[in-house]
Structure formats: structure tokens, C-alpha cells
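Worksheet: the structure to be examined is printed underneath.
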Amino acid sequence: MLDTMRWTGDGLLELLDQTRLPFEKSYIKCTEYTDVAEAIKRLAVRGAPAIGAAAAYGLVLAARKIRANTKKEFLTELEARARELAATRPTAVNLHWALNRMLRKMRLAEPEDAGLLCDLLLEEAQAIFREDITGNRRMARYGLELIPEGARILTHCNAGALATAGYGTALGLVRAAHEAGRRVSVYAGETRPLLQGARLTAWEMLQEGIPVTLITDSMAGYLLAKGKADLVVVGADRIAANGDVANKIGTYSLAVLAREHKIPFYVAAPVSTIDLSLASGEEIPIEERDSSEVTHLAGRPVAPEGVNVWNPAFDVTPARLITAIITDRGIVKPPYDENLRKTVEGLNRNLVIELTAEDGKSNL
């Protein structure tokens, strides 16, 4: 599997350009934090854990260009850059979690020298990257108990190695089951409008030798009606305190279909995706993207010019439709309002700075 991102050691961050997959494998060379911000905005790097790790490295690039006489001045400039990075994607909470973790490291740091502070920032970014991979593998081990022998798994969008620092969340469970010899197979919904399921999930599964069948999003109901899938597993971009889950648009529809056809609907996400500051999914800011993503396909128009378009990137699945949430600290089952809070107890979640979305809603 290709690296989602790699730090070269000489102030260069390389990001796999996922807009070009599966037909071209190329990396974007980022030497400025603005390069990282642009890559996140245009979905060259995507997936909540991946953009969190990328933004952490982006803040390192920003710090290296700051010229300040005091630590206070350094922090002021760094916080401004963090706000810019946070504004790139308002829904995925991992982005804001990672940036606040980086800023907290600076607030608690003893050195006053900018060079030493930059070294500490790099160490923290690398820790975020490493911890995501180990956390994903741990999550997969927990989730294995929910994946039976021969399971036919329906998934949506891409929550694999490409969406993380490595291994994956929802697809990490699939990968672990495959490695355990459970003969699993995958149905990948294409995931309009940007086709992450067709372009990325199908490609990942083929690379791993895991049987995969591609379907259009509108086929999911009939697939379940015909009894061709045993369970649904998806990732998450933000989980509210009551267990409501924001994920790629179309996830809610799958949850409703899974309930109708009485099959389990699982969410796999690290605890950094849980946002206890939001009581329910109604408070989650939902990103809306450009109409051209819907009216054009591969750069060619597929709709009449001038048609009105609504293009939310995410939807919210109510907690009542979710069978269990698989995290890197264990499996969480209802009642979610109690058990999610217990799951994140002991984690340092205190804000250093409030990173606010463009619509004015707090993202943490």
C-alpha cells in the first residue's frame, strides 16, 4: 500500500494526491503550510485521521517560517496558522483535535528558542502519525469479534489506509479479518459525487487481494433486500456525545436500509473523532462543497448548465440506528451518551485555543 504521507526530514512533507488515484500515483511536495491547507481543501488528502496528521505536519512547516522575538509572539503566530488550517474542512473533528494537541505541546514547552520549539512540534506531529497507525490496528483487533467467518461487508466512501496514517478504520477491520483467514468479501458503494468508493476503496481492496464488488449507491437497498450483505461498516468524521455520527453523504441512507433489513450497522473511528462538546448531531457543522462536483464528472458536464445543486459533503446518522461504535479503546454500545463519555475519560481533551469554522460554530 502506498504511503498516505511522508516527512522527508528536510522540511518537506509529501502527500499522496488521492484525486489522481487509481490511475496515477503521485505525491504533492509541501514546503509551506499553505500547500498542506490547499491539499486538504481540494481533497488531495482526505479522511478525518489523515487530514489531522497532515495538518499537524502543516503546522510544523508553518512554525519553521515564523520569525518571532519571544515565545509569546511565536505562539500568537502559530495559533493564527492553526486557525487557517482548521478552516479547510469544518466537519472532521480530528483536524481540530490534532491542531489543538500541537498547540498544547507548545504551551507546555519550557524552551523559549524557536528552533527547539519547532523540534518539539515535529516530534508531536510524528507521534500523532505513529499513534494513528497503532490505534487503527488496535481498533481492528477489537472489531474482529464482530466480523464472522465469510462475512459479506457493505461499506461506503473510503475509510481505509488512504483515509488514515495507515491501515484504516472501517477497512482496517476488513483487512484484519482477511489477515485472520476469515474469507471476508466487500461490497463498495461508489460514493457519489467524488467516487471515493469506486476510486479508492475498490483499489485498496484489490491491492490487498480482498474480494470486492463495486456497486452504485442506488443499488444498496436491493443488495440488502436480496440478502447479499451481512453487515455494514463505515468510518466517521465526527461523533457527538449522544452517539450521532457525521460521515460521508449517503451513510444515513445505508443505516436506514440496514435497520429495515435487520443487519448490523457498525461505525469504526478513533476516540479522537468523539466530540463530547456537542450534545447531538444537530450541532455538527456540515461542509457544503462546490456544485461542480455534482454537475461534472472527470471534468465533463453531466447536467444541464444552470441547474440548482445542493452538495453537502456529509450527513448525520442518528445513534439509534448504530449497532456499535468500534474505537481504538474498545467497542462502545448503547447507551452512547454514557458509554462514549466513559471511553474518552482520562484523555487530555482540554482546549488550548478555540478553532472556529467559517460558519461561526465551534469545531471542538
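Every residue, even glycine, has its Cβ placed from backbone N, Cα and C.
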For this session: Could you look at ARG6, ARG83, ARG89, ARG289 and say which one Swiss-Prot places alongside ARG46, GLY47, ALA48, GLN196, ASN247, LYS248 in the substrate site?
Result: ARG89
Exercise. Name the residues of the same chain, 6+ apart in sequence, whose Cβ is under 8 Å from the Cβ of ARG89 (substrate binding site)?
Worked result: ILE40, LYS41, ILE51, LEU95, GLU287
For this session: Would you mind reading off the Cα separation of ALA48 (substrate binding site) from ASP237 (active site, proton donor), to the nearest angstrom?
Result: 5
Problem set entry | Neighbouring C-beta atoms (10 Å sphere around the C-beta of ASN247 (substrate binding site)) | 30
Seminar exercise, completed: A correct count of other C-beta atoms within 10 Å of the C-beta of GLY47 (substrate binding site) gives 30
